[in-house]
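One structure is given here, and the rest of the page talks about it.
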Amino acid sequence: MSLSNWETKKMGKFTLRYQPYTLEMKHVFTVASFSRNTTPVVLTELEYDGIIGYGEASMPPYLGESQESVVSFLKQVDLGSFNSPFQTEEILSYVDALAKKNTAAKAAVDIALHDLLGKIMNQPFYKIWGLNPDSIPPTSYTIGIDTEEMIRKKVSEAGQFKILKIKLGLATDKMIINTIRSVTDVPLCADVNQGWKNKEEALEMAYWLAEQNVAFLEQPMPKEQIDDNAWLTAHSPIPTIADEGCQRLSDVTKLQGVYTGINIKLMKCTGMREAKRMAELARSLDMKVMLGCMTETSCAISAASQLAPLVDWADLDGALLIGNDIYSGMIVTDGICKLPNRPGIGIIKN
Ligand code: MG
């Protein structure tokens, strides 16, 4: 599959190309706050000395970025004053300083730069970072909120996975778990997407879910309810993980004691450089680390996967949920992420 509408921008020794693309999801995807069946992304390419790095920004609508905002951010980026891609720290600090938010747009540059660097060094990025690809935890596979019949169908399609991620946060929570438990006893994790509002009810659910072999709770209550989330974490029989409540490196220290751990996503934190720092900081604070994703092609998923040996839980199913991936990279076999032994983030075009 090839795309032909690349916008090209020459900047000294670098060339940046970008193009909006729409991911089509295999199933309508429902969580506590919305349903959708497509995800807008912008694909990027960063070229230096004839070598091309691939990147991607993914913009699920609730995060406030769009193809238009990403394109207008990329139009501002000018790497013309940098002589070498190995000025990584300076380049990415410059990109981050261009605007306050735009984290997915920044990730599209960060990922392409890391891919480019790995290709120049001719090594996969997990090797450059010194990480063991055989120590990646099994990835979860997400089952969205749905009817009993569709949940049974989705669970039966997910047979290879050693852990399933269940979206909760509506009145149907117990029905969903009971339906899944009627067909499989595979471990689960629950993502409430801020759907529970009352801490006592949340704790009651945490105990019930622990009995159902649910390993942890992601974002049980609204991120603004800091004291309630901290109370739940102190009393819950299973770990709590901040997702909506944790965006960037500067959030991590504040979340110690509020949640057991954090969910790191490249699109929230501006890419691979900051994601690695977040994982290391969380570890140093004795917090758990989960690595998540948006609906993304194998580009952003393979970029995140380079970090997966560092984490406790991986949730890297984003490319499996779409029907029109244009790259091949990290593959999931028997529920385990297998990193390709290719340079950079390890992807090739389909
Ligand atoms: Mg989540």
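Using N, Cα and C of the backbone, Cβ positions are placed for all residues, glycine too.
What TrEMBL lists as domain 'Mandelate racemase/muconate lactonizing enzyme C-terminal' is 148-239.
A simple way to gauge crowding: the CB of Lys167 (active site, proton acceptor) has 22 other CB atoms within 10 angstroms, across all the protein chains here. The feature active site, proton acceptor is assigned by TrEMBL to Lys167 (among others).
Under the three-state DSSP scheme, Asp191 (Mg(2+) binding site) falls in the strand class. What TrEMBL lists as Mg(2+) binding site is Asp191, Glu218, Asp243.
Non-local neighbourhood of Lys265 (active site, proton acceptor): Asp243, Ala275, Leu291, Gly292, Cys293, Met294, Ala304, each in the same chain, at least six residues away, with C-beta under 8 Å from its C-beta. What TrEMBL lists as active site, proton acceptor is Lys265 (among others).
Proximity to ligand 1 at the level of Cβ atoms, with a cut-off under 6 angstroms, picks out Glu218, Asp243 from the recorded positions Lys167, Glu218, Asp243, Lys265. Considering only the binding-site residues Asp191, Glu218, Asp243, the Cβ with the fewest other Cβ atoms within 10 Å is that of Asp243.
Apart from Asp191, Glu218, Asp243, the residues listed for Mg(2+), the same chain places the Cβ atoms of Lys165, Ala190, Val192, Asn193, Leu217, Gln219, Ile241, Glu244, Asn263, Met290, Gly292 within 8 Å of the centroid of those Cβ atoms.
Annotation note: Lys265 (active site, proton acceptor) sits in a coil segment as assigned by DSSP.
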